[in-house]
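Report on one structure; see the data block that follows.
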Amino acid sequence: DRTRDRRRTVRIAWEKLLRWSRSWRSKANTDILQTTNKVVVLGGGSFGTAMAAHVANRKSELEVNMLVRDPVVCQSINDNHCNCHYFPQHKLPQNLIATTDAKTALLGADFCLHAVPVQFSSSFLENIADYVDPTLPFISLSKGLELNTLRMMSQIIPQALRNPRQPFVALSGPSFALELMNKLPTAMVVASKDKKMTNAVQQLLASSHLRISTSSDVTGVEIAGALKNVLAIAAGIVEGMNLGNNSMAALVAQGCSEIRWLATKMGAKPTTITGLSGTGDIMLTCFVNLSRNRTVGVRLGSGEKLDDILSSMNQVAEGVSTAGAVIALAQKYNVKMPVLTAVARIIDNELTPKKAVFELMNLPQV
C-alpha cells in the first residue's frame, strides 16, 4: 500500500509539471523569431559556428551571415557547407553563408552574435564600428577579461563601438560547441539589464534542444564565465599530476568559493554563481576532456612548457590570458584567491605545479 501511494504521489506531481509546461508553452511568445530576417555572427571559431548553425536551423527563411577572417574557411562554408577547420564532418544549414566583408555581413542585421576571443575583440570591433547600426543588439559569446584593462565584454563592446547605448546581452553556460552541433540537450543563460532584450534573445535562441534562462545579473554571468576558465586550468594541472579525486574535489570547491567571493564583491548575485553560468559551467569546464583550458592544465601538470602547448593548439584557451587579470581584480577588491593566484604564477613561469601544490597545502588551516 505504501509503495502504491508513493507511486501515485510521484505520478500526480509529474502530471502537474506537464500541465504547467503545456500551459506555459501555449502562452510563449515567438514574435521575435517571426520578425527576424537576418542574424550576423562575428567570428568563425567552433562556438561561433555552432551558434550560427543553431540560429540558422531555427527558421529556414532566416539569413545567417558569418563574418570570418580566413578566406579558406569562408569558401568552405559557402561551397561545401562545412567549417573545414572545426567541423569538417558536420553539414551546415543552406541559409548560413560566410563573408570576409564586414559591411556586407552587418548590413540589415537584426541581431549580432559576437564570438571573437576577448583579447582581440576591442581592435576587431574598432575596425568594423562604422558598419554597426547603433541599435543592433550584441549577444556576446566571448568569456574572459581583457588583460591590461580588466574590462568585461559588456564594457569592451560599447566602448569599442563608441556607443554607450549599444544593446548588450551576455550568453553563457555549460555548452561545448560539438554537443551543440550534435543537437544534444543544452541549457544556457542570457543576461542583460534590459528585460525586453533578454526575452527577445530567449525567443530567438530557445529550441527543443537548447533551454535559455534569463537573468539581469550581467556582472555575475560574465565574471563566472571568465574565472571558470582559470579554475579549469587548475583542475587540469591536478589531473596531469595524478593527484587523485580527493584533491580534485577540494581544489574545485575552493575555486568555486574564490569565484563567488570576488563576484559578489563586484556586485554579482550569489545565486548566479551557483547557477548554470557559474557552477554549471565550472563543472563542465573542469571535469570534461573537451575543455581547452583543462587540456592546457593537464599538459602543464604533465611537465610540458606553456609555449609548446599554446603553439600546438588551433583554438584560444581564454583562461591563459585571463589568469593575470583575475589576480589584478582580486587585489583591487581585496579578495584572497590562492588557487587562481597559483594558476597565474604557473602561467607566468614563476612557480612550478609541484611547488604550487606544496604552497597551497601549507596555507594556514582555517
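Every residue, even glycine, has its Cβ placed from backbone N, Cα and C.
Packing around LYS228 (active site, proton acceptor) is summarised by its Cβ count: 33 other Cβ atoms lie within 10 angstroms of its Cβ, all protein chains included. Among the features that TrEMBL reports, active site, proton acceptor is placed at LYS228.
Around the Cβ of PHE47 (NAD(+) binding site), the number of neighbouring Cβ atoms within 10 Å comes to 23. Sequence annotations record features per position, and here TrEMBL assigns NAD(+) binding site to GLY43, GLY44, GLY45, SER46, PHE47, GLY48, PHE120, ALA177, ARG292.
Sequence-distant contacts of ARG292 (NAD(+) binding site), defined by Cβ-Cβ distance under 8 angstroms and a gap of at least six in the same chain, are MET313, GLN315, VAL316, ALA317. Taken from TrEMBL, the feature substrate binding site covers LYS143, ARG292, ASN293.
As annotated by TrEMBL, domain 'Glycerol-3-phosphate dehydrogenase NAD-dependent N-terminal' applies to 38-197.
For 217-357, the entry in TrEMBL reads domain 'Glycerol-3-phosphate dehydrogenase NAD-dependent C-terminal'.
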Max CA-CA distance, Å, over listed substrate-binding residues LYS143, ARG292, ASN293: 13
Residue from LYS143, LYS228, ASN293 whose C-alpha is spatially nearest that of GLY43 (NAD(+) binding site), among the recorded positions: LYS143
By Cα-Cα distance, the member of recorded positions GLY45, PHE120, LYS228 nearest LYS143 (substrate binding site): LYS228
Within 10 angstroms of ASN293 (substrate binding site), Cα basis - recorded positions out of PHE47, PHE120, LYS228: LYS228
Nearest of the binding-site residues (GLY45, PHE47, PHE120) to LYS228 (active site, proton acceptor) - Cα to Cα: PHE47
Intrachain C-beta neighbours of GLY45 (NAD(+) binding site), sequence separation six or more, cut-off 8 angstroms: TYR86, ALA115, PRO117, GLN315, VAL316
